[in-house]
Amino acid sequence: MKKAVHFGAGNIGRGFIGEILSKNGFEIYFVDTNKAIIDELNTRHSYEIGIASSSPEKISVSGLFGINNGENPEDVIEAIAQADIVTKAIGPNILPYIAELVAKGIQKRKEENKQVQIDIIACENMIGGSEFLEKKVAEYLSDSDKVYLANYIGFPNAAVDRIVPGQKHEDLLYVEVEPFCEWVIDESQIKNKSFKLEGVHYANNLEPFIERKLFSVNSGHATVAYSSAYKGYKIILEGLQHKEILSALKGVQKETRALLLAKWPQYFTEEDLMSYHQMIISRFANPKIIDEVTRVARTPIRKLGYDERFIRPIRELNERGLSYQNHLDIVGKIFAYQDENDSQSVQLQEKLSTMDLQRLIEEVTGLSNKKIILEIELVIKKYKNDSK
């Protein structure tokens, strides 16, 4: 039986990646530091996924094992050495922390003279996630290790899309997900061409698809979350019923379509993107998905990053002379967002009260364009004054 190692036994790992790998006949080794989850996986070797729709459905995922990388790192290294594929869904900020372990797994494959090619795929909400991980892994490799990596280890970028709300169940492993799911892998970066995963779309150029997803789903979800928080809503579904919040979402979508059509006219049409964006609205409005605003709005500093879901579109729309007023408006709401249980929100509010505003904008967004910085400064002040 083919073996898969998956880092991250959280909701996306179990509720999406694990489902696809299991359907493709893989024995799956989940790697995580959550002892309770890992122990449960090793006791039951299976779990159920619930599909949150008008016609509820349960899917069984089996052939599973768990490895606690905090307690048993050597077992992770051995699992990577024996694996046919390695995947990850742990969050962009955590990727650097597993790089050394992945490097040791690659070194063990080299020591055992394994000449079977393998792909290591980061399934994260970021552009170039696998390439980013590869650079971090390379920091722990010798020159000869790097030659082996170049010949036998692929790091194809990927885009994943499925809404998995925050949830708690008596069954530790049970997870509820929306019906929609999409996993796209950059075929041009794949090393192991001996199999293709059913349920995965392969593209020769991933960039247009990952930008469509990040600038539509992630930017859109965040638009609803920060707009809902500003209006005092706690649940995404409730916020979306407010006409101003729906209007904000549609405004961001309109600007996103303009950018995608300007960048990728050979991949998308206005009609395609309109249909895609209408589908996204219906996904956010799924009455069976009760998603908390705080989950979607968490880590506001990260979401204000230079290559993230608002600042990157703003930069690229500005370069093309296209409107980005709706994106800019949400940036103002992100700076106004307050959640005492979110360390980044607390940190951002502290900096707003102590730092020069333009300097703070430069620090958080990485921007140097004075025009955009000034526009962000004005919209921050607008929401600061409105909240008084």
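Easy rule for this one: first residue shown is 1, then count along the chain.
For all residues, glycine too, the Cβ spot is worked out from N, Cα and C.
Keep in mind it's a predicted model, so treat the numbers as computed, not measured.
For ALA4, VAL5, HIS6, PHE7, GLY8, ALA9, GLY10, ASN11, ILE12, GLY13, ARG14, GLY15, the entry in Swiss-Prot reads NAD(+) binding site. In sequence order, GLY13, ILE17, GLY18, LEU21, ILE28, TYR29, PHE30, VAL31, VAL86, THR87, LYS88, ALA89 are the residues near HIS6 (NAD(+) binding site), counting only same-chain partners six or more apart with C-beta under 8 A.
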Fewest Cβ neighbours within 10 Å, where candidates are the binding-site residues ALA4, ILE12: ILE12
Residue, out of the binding-site residues GLY8, GLY10, whose Cβ gathers the largest set of other Cβ atoms within 10 Å: GLY8
